[in-house]
Amino acid sequence: MSSHADFTSKNAVYAETFDKGHLSAPPAKKLLIVTCMDARIDCYKSLGLELGEVHVVRNAGGVVRDALRSIIISQRLLGTREIAVFHHTNCGMLSFTSPQLRDIIKSEAQSKPSDEREAIAKTVDSMEFHEFSDLEASVKADVDFLKEHALVLDETKVTGWLYDTNNGTVCAFLFSWVESGPTPYFTG
């Protein structure tokens, strides 16, 4: 049975006690969280948040480059002024490289007609999958990207975080600058 087969019945139960219709679209805390699409992460419960308080943008790895369109809309039209970037332990983005994934996709397309194979190859070759090999460096790169991006409002507070999928804890990355460059350290 497909997972979507239960949507209507499960939604009916949810809708029976739904009392959030009064919430406005702008998030009450003026906060946007960018995090991974990993099914083990529950942003609301793990951070003590409620519906209507924050925007949550999810994608593979919690990569801010993929979230930029949503960040711009959230800031310009819905008033967010703080962004929290969350990456997590045991992330699938640590397990591959873009060339490896491109090869997998092209290999799977071998049974297709040649014009379709060529179109797939051209499309996948132009894609950046934004994988990373170092959690600390990936958070730092995403925080820097947002702090330096011309379309992110200057007054935006940007923080970097790590969620531990093994025990459910979070810790903040604070970056101190020394002569050798940024050195991340954790709080939490």
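Just so you know, glycine gets a Cβ as well, placed from its N, Cα and C.
What TrEMBL says about a protein is an automatic prediction, not a curated fact.
As annotated by TrEMBL, Zn(2+) binding site applies to C36, D38, H88, C91.
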Surrounding CB atoms that lie within 10 Å of the CB of C91 (Zn(2+) binding site), all protein chains: 19
Cβ within 8 Å of the mean position of the Cβ atoms of C36, D38, H88, C91: remaining residues of the chain near Zn(2+): T35, M37, R40, I41, G61, G62, H87, T89, N90, G92, M93, Y163, T165
